[in-house]
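Enquirer: TrEMBL feature annotations, pasted as is:
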COMPBIAS  1-21  compositional bias 'Basic and acidic residues'
REGION    1-24  region 'Disordered'
TRANSMEM  60-78  transmembrane segment
TRANSMEM  99-121  transmembrane segment
TRANSMEM  141-162  transmembrane segment
TRANSMEM  183-203  transmembrane segment
TRANSMEM  223-242  transmembrane segment
Amino acid sequence: KNWRATDHSIIEDKEESHETRPLSGPQQFRFLNKALLITGSSREDGEVCSIDDVEEAKSVLRLFPIWATSLVFAIVFSQQSTFFTKQGATLNRSVGSSFVVPPASLQSMIGLSIVVVIPIYDRAFVPIAGALTGRPAGITTLQRIGIGLFISIICMVVAAVVEKKRLNTALEHGLIDLPNTTIPMSIWWLLPQYISFGIAEAFTMVGLQEFFYDQVPNELRSVGLSLYLSVFGVGSLLSSLLV
């Protein structure tokens, strides 16, 4: 038998048996290669996958480790509208003699932090990092995501310290079993955790958008966007187990 025959002739010679198509690229997720097997029934039903179909499926699966890791940030993201707001509702929110700060209004500090950080990132951080790394963007997308995750961890450490201070204050004044009573502790104690989360969001959310958009084929851009949004959906569900 001529083993140097073309792929087409090999397929024709093996019409009665299983036939495979050659793969290009890294041999990762090799179990998906079974979709390239051609049987008599699959040929008749038109259910044979192309090499491009298999490679696109592999490109999506390669994103799963980053997707799963990003859930940590999504859980922190959910705290701003749940745990942080609940903290603020129990603190002293009075400003002056008549105005009371709505506890959810401190979320605006996240947006203000992003507005301040993004220009600093583009004008100062990127040129300095680019001079050190030789990259036009300064750092890679994964490095940007990693920095944001690290800052989000700092944010939660700060939130834990503030929560400990809040509980100790409530204990000192005998308010631990009175959830509807205002604790004599200023709501401005919450500013550091809101600001630090805004900085983390400027790094991580932009990095995640770029990553899930760039790391999929052109035909799967919408899938990449769906993966990005699903991070925050699943993160919200996981957050409900913590709060």
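Glycine residues also receive a Cβ, built from the backbone N, Cα and C atoms like all the rest.
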Enquirer: Would the transmembrane segment (183-203) count as touching the transmembrane segment (99-121), i.e. at least 3 C-beta pairs under 8 angstroms with sequence separation of 6+?
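Expert: The transmembrane segment (183-203) and the transmembrane segment (99-121): touching, yes.
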Enquirer: Which one of these stretches, 141-162, 183-203, 223-242, has the most C-beta pairs shorter than 8 Å to the transmembrane segment (60-78)?
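Expert: Looking at each of 141-162, 183-203, 223-242 in turn, the most contacts to the transmembrane segment (60-78) are made by 223-242.
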